[in-house]
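Q: To start, I am sharing the structure in question, which I have written as structure tokens.
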Amino acid sequence: MSIKVSFQTLGCDKNAVDTEILAHVLREAGYTVVPPEEEADVRVVNTCAFIREAKETSLASLFQAAQEKERGRLRAVVAAGCLVQRYGEILRDELPEVDGFLGTGDLEHISEAVRRALGGERPFFVSVPENASYEHLSRLRPPGPVAYVKVAEGCRRRCSFCAIPLVRGGLRSRSIRSVVAEVEALLEEGVREVVLVAQDLSAYGLDLAGRSLLPDLIRTLDPLLRGRWLRLLYLYPSGITAELLEAMARSSSVVPYFDLSLQHVVPELLRRMGRDPRAWDAEGIVQRIREIFPDAALRSSFIVGFPGETEEDFAALLEFVRRAEIEHVGAFPYSPEEGTRAFALREGRVPLRERRRRAELLMEVGRKVAERRNGRRLGRVVPVLVERILPNGEAVGRTPYDAPEIDGRTTVRGYAGPAGEFVAVRLEHAWETETFGTFVPADPFSSFAAHATPRGRTGARGFAAEVPAAEKPAAGGEERGTRR
């Protein structure tokens, strides 16, 4: 009988892609990969170490898995991912109940790690992540209409607060050919929405060509994605170039959605955060987007309570979110991380309780912005990607304005078809990030074009945009866009 392995994945969608790689390697080695709710012999916990809360959650998950092993429900527990990459030796010493360890640079060793863990050897695979790109490894993807495609690993930025480069290493982009091959395979499986992800998507290709290759990638993928969605996540603000905006506006598949990594709007705080000065003008960046995509949904992550943030600074951030209408907000209380430059900052520290208060207040402002913008869309007919059918017959899906898992959802009445399809829906009600509507028997894309269209030009999906002339490629490796 084959040994059964289940996964618990914590953290971001990029970690989810890593889990799919791990699952494929195990299946190829003869193991049976089962869903988390099923009985298994081995539990692999793919951990996160982004901020303190993520580390605490990862440790709690490892302890829970160890307790299940003590009760005889598991034979072995393997810790993988970012927490192991960063604190591997400490975890090995402090967590004797964990049977194996696998860092972010050693995914291909998962089958050996599981085999040796079952044999009582406590394997430890933690090497320098710079050597790993996993361009050659396939994935075991769960069924569904949405697929994440990780086009790069690591980050070339050194923001003062961020430990990701310590865990994931420097930027390592995949080739366009490799990405295209993966997308083609996903489309053959019936995927309807492809989501491009990286630590900093706008930096994709800088290590290969000395300039961002994201516009090139969009132009290459667009003919393959007719009638599907292409969503871009994790764009560094200074990476929103004229060339990128033009590529997005000309595309028939890119949804009107911008996931920015602004972090704050006060220049002095951004300087202390080590952010690119070209990313300080949040107002100007949003204005450039709105000039071409007036109806685009904007998402951004923000850090609150960074050392030196005053009440006035926080008030300026709240006002910006309201004025710029950032409808999807991720608010993180500042978390001091060992090994980062900001860890040594002592002056102006904000108490944890106050950091959490500010984060919740910012999230509440974001919810109100979302409700206001969703309210303006009422009466429109928009495409919805149906992701599941409820027992009462209603469908649940997402509009182009909502990313998978992290944003709102749309409940649809009157649709009798299967999940995994695009349908036209007339939006009728909105509550915060949620919308509700009725199925309309019409082409979901043609009905949407008049509202989603960039200004000034008619294109493949009825887009009308007056886009700026594309910038010339940066010479000799000059940076075009970088990470959050």
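Using the three backbone atoms N, Cα and C, a Cβ is placed for every residue, glycine included.
Feature annotation from TrEMBL assigns domain 'MTTase N-terminal' to 3-119. According to TrEMBL, the [4Fe-4S] cluster 1 binding site annotation covers C12, C48, C82. Annotated domain 'Radical SAM core' per TrEMBL: 141-372, in sequence order. If you look up TrEMBL, you'll see C155, C159, C162 marked as [4Fe-4S] cluster 2 binding site. Look at TrEMBL and you will find 375-441 tagged as domain 'TRAM'. Taken from TrEMBL, the feature region 'Disordered' applies to 456-484. Per TrEMBL, compositional bias 'Low complexity' is recorded for 464-476.
Describe the structural context of these features.
A: Using a 10 Å radius centred on the Cβ of C12 ([4Fe-4S] cluster 1 binding site) and all shown protein chains, the other Cβ atoms total 20.
When secondary structure is read from DSSP and collapsed to three states, C155 ([4Fe-4S] cluster 2 binding site) falls in the coil class.
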Q: In this structure, which of the binding-site residues C48, C82 has the fewest other Cβ atoms within 10 Å of its Cβ?
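A: Fewest other Cβ atoms within 10 Å, among the binding-site residues C48, C82, is found for C48.
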Q: Within 10 Å of the Cβ of C162 ([4Fe-4S] cluster 2 binding site), how many other Cβ atoms are there?
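A: Around the Cβ of C162 ([4Fe-4S] cluster 2 binding site), 24 other Cβ atoms lie within 10 Å.
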Q: Tell me the Cα distance separating C48 ([4Fe-4S] cluster 1 binding site) from C155 ([4Fe-4S] cluster 2 binding site), rounded to the nearest angstrom.
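A: Given the Cα positions, C155 ([4Fe-4S] cluster 2 binding site) is 16 Å from C48 ([4Fe-4S] cluster 1 binding site).
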Q: Which number gives the other C-beta atoms within 10 angstroms of the C-beta of C159 ([4Fe-4S] cluster 2 binding site), all protein chains shown included?
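A: By my count, 24.
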Q: Looking only at the domain 'TRAM' (375-441), how are its residues distributed among DSSP helix, strand and coil?
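A: In the domain 'TRAM' (375-441), the DSSP-based counts are 2 helix, 34 strand, 31 coil.
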